[in-house]
Amino acid sequence: MMVPLAKLASPAYQCFHALKIKKNYLPLCATRWSSTCKVPRITTHYTIYPRDQDKRWEGVNMERFAEEADVVIVGAGPAGLSAATRLKQLAAQHEKDLRVCLVEKAAHIGAHTLSGACLDPRAFEELFPDWKEKGAPLNTPVTEDRFGILTEKYRIPVPILPGLPMNNHGNYVVRLGHLVSWMGEQAEALGVEVYPGYAAAEILFHEDGSVKGIATNDVGIQKDGAPKTTFERGLELHAKVTIFAEGCHGHLAKQLYKKFDLRANCEPQTYGIGLKELWVIDEKKWKPGRVDHTVGWPLDRHTYGGSFLYHLNEGEPLLALGFVVGLDYQNPYLSPFREFQRWKHHPSIKPTLEGGKRIAYGARALNEGGFQSIPKLTFPGGLLIGCSPGFMNVPKIKGTHTAMKSGTLAAESIFNQLTSENLQSKTIGLHVTEYEDNLKNSWVWKELYSVRNIRPSCHGILGVYGGMIYTGIFYWIFRGMEPWTLKHKGSDSDQLKPAKDCTPIEYPKPDGQISFDLLSSVALSGTNHEHDQPAHLTLKDDSVPVNRNLSIYDGPEQRFCPAGVYEFVPLEQGDGFRLQINAQNCVHCKTCDIKDPSQNINWVVPEGGGGPAYNGM
């Protein structure tokens, strides 16, 4: 059945139906020590317990409406909006009628966007050459660029030489959420149909196996998996080409990697978790345009990570500060959130924050694999852009510019194929192979290739400091043209050591002025989900968190989650523990899906509009 998409913009259509997977049978044990207790059902999502095997769903109308478009884009971040904008720019230039639909799971554009962010404006200026006249929110050019190594008590300054990737001359400090909101306005003005509050949950396929489009998930489902009286089926969006711009570790991209074997010829992706706060500080300490990065304390040399402090010129003395920890860390006792809070007490950091007020908090995973981890980008009916495949320049600590350029190149490649008079396709869904070729011939590919060895050079005996030495010698001499390519260590989920082989980390208690507890931090993210819905953090096997993760790794999920989603709590009866999932706290960072040593957690989309409500993060 076909209906205008705009008529479906109601809460009943604000989430997506996830792909079904094999039913997992309930295991027999739920305690750390006892094997006599039955496992409580922790997650009830219909991806685990299919509805066609649930009598409560008998007689429920499962018909879905469908809409047709030329191009469907999943995700309204910098990459997705760049692709949408460029498609409509080209359509206007060539007087072509092109329907472009963009869906975004956040309640409004920018609400799930989090980055530092120090923006290299190259791709942005290519897409919007008149951005100044249009009032784009690039208000803070970099005026001072600093880098340092932290010891427990001191900061050792390191000069930033011209030509090194961390040089920020010509860049802008931005609030990326505000920037993508502005980009959304530009896209809509060109005729892009932007639908916030719609979460893509299912990939649709043609009979020949090519991608047909996506479907939004159903709404009106109880926490126990039963339909509510308000149940409404999701919506299908069909397209000639579907662009997946979900951001880092997209849940649909995970399925595409397996379906089309897109990672057959690349290394596993490796990630970091970025935690960020926004402060209003004493105006006397405010240095608009100052950019400050550090490595070192409180992390040891074998744990990749670092920090940033960006002074924003937004009409008030704003400071964006954050901390990144590589998710290939080995100690299961490590808590990225608590390392962040401890870092703020360093003698070179704390004075800037004293007398200030924290006004926002958030977290998001980021790609760190770089050139070696880029998968195949195209497949019949679709392609990957932005942080979904992973185009972040790690030593530069930037990925927005490369994400935007990938979106622009994808749009140009798709437009050429859609408007070709000799259009030929072996599959029903168009296979736009030109996109990958164009990307490899662009400055994006050259930039990522040149820095490919810097992140993996930190795996040696000297750790992060070895990586700095490598950068200072080999990158300075060869400019990325050295005749070798270093490898990563493998998947981040395989890197944890057993708890018995590691030293517990004692973290200081937060003081409530500089450092804070987790729950008060999550409250500043604006995170909210419909409570009575199946948990979107699903478990393949309900026994694994206690029987394996807790017994071997001391329950690392209770530490690597930056939102307090996972807790091991005592059983109501008997000895032992059970895992409690506080799904309503989830900030959609994807860390659990990445770092879980058992790969038992599968993140799927909740009802559309749920999640964090960032304001210019």
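Going from the start of the chain as shown, residues are counted 1 onward.
Yeah, the Cβs are placed from backbone N, Cα and C, and that goes for glycine too.
As recorded in Swiss-Prot:
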TRANSIT   1-33  transit peptide
BINDING   Gly75, Ala76, Gly77, Pro78, Ala79, Gly80  FAD binding site
MOD_RES   Lys96  N6-acetyllysine
INTRAMEM  109-130  intramembrane segment
MOD_RES   Lys132  N6-acetyllysine
MOD_RES   Lys223  N6-acetyllysine
BINDING   Gly305, Gly306  ubiquinone binding site
MOD_RES   Lys357  N6-acetyllysine
INTRAMEM  428-447  intramembrane segment
MOD_RES   Ser551  phosphoserine
BINDING   Cys561, Cys586, Cys589, Cys592  [4Fe-4S] cluster binding site
DOMAIN    577-606  domain '4Fe-4S ferredoxin-type'
DSSP helix/strand/coil residue counts for the domain '4Fe-4S ferredoxin-type' (577-606): 8 helix, 8 strand, 14 coil
Inter-residue Cα distance where the pair is Gly305 (ubiquinone binding site) and Lys132 (N6-acetyllysine), in Å: 35
Rounded distance in angstrom between the Cα atoms of Cys561 ([4Fe-4S] cluster binding site) and Gly77 (FAD binding site): 23
For Cys589 ([4Fe-4S] cluster binding site), nearby residues of its own chain (Cβ under 8 Å, 6 or more apart in sequence): Ile273, Ala363, Arg364, Ala365, Pro562, Ala563
Other CB atoms within 10 A, centred on Lys357 (N6-acetyllysine): 11
Cβ neighbours within the same chain of Lys96 (N6-acetyllysine) - under 8 Å, at least six residues apart: Leu90, Phe415, Thr419
FAD site shell beyond Gly75, Ala76, Gly77, Pro78, Ala79, Gly80, criterion: Cβ within 8 Å of Cβ centroid: Ile73, Leu81, Ser82, Ala83, Glu104, Val180, Ala245, Gly247, Ile385, Gly386, Ala403, Gly407
Euclidean distance between Cα atoms of Pro78 (FAD binding site) and Lys223 (N6-acetyllysine), Å: 33
Conformational class of Ala79 (FAD binding site) under the three-state DSSP mapping: helix
Rounded to the nearest Å - Cα separation of Gly80 (FAD binding site) and Cys592 ([4Fe-4S] cluster binding site): 24
Neighbour-count leader, CB within 10 A, binding-site residues: Ala79, Cys561, Cys592: Ala79
Three-state secondary structure, Lys132 (N6-acetyllysine) (per DSSP): helix
Spatially closest candidate among Gly77, Ala79, Gly305, the listed binding-site residues, to the residue listed as 'phosphoserine' (Cα to Cα): Gly305
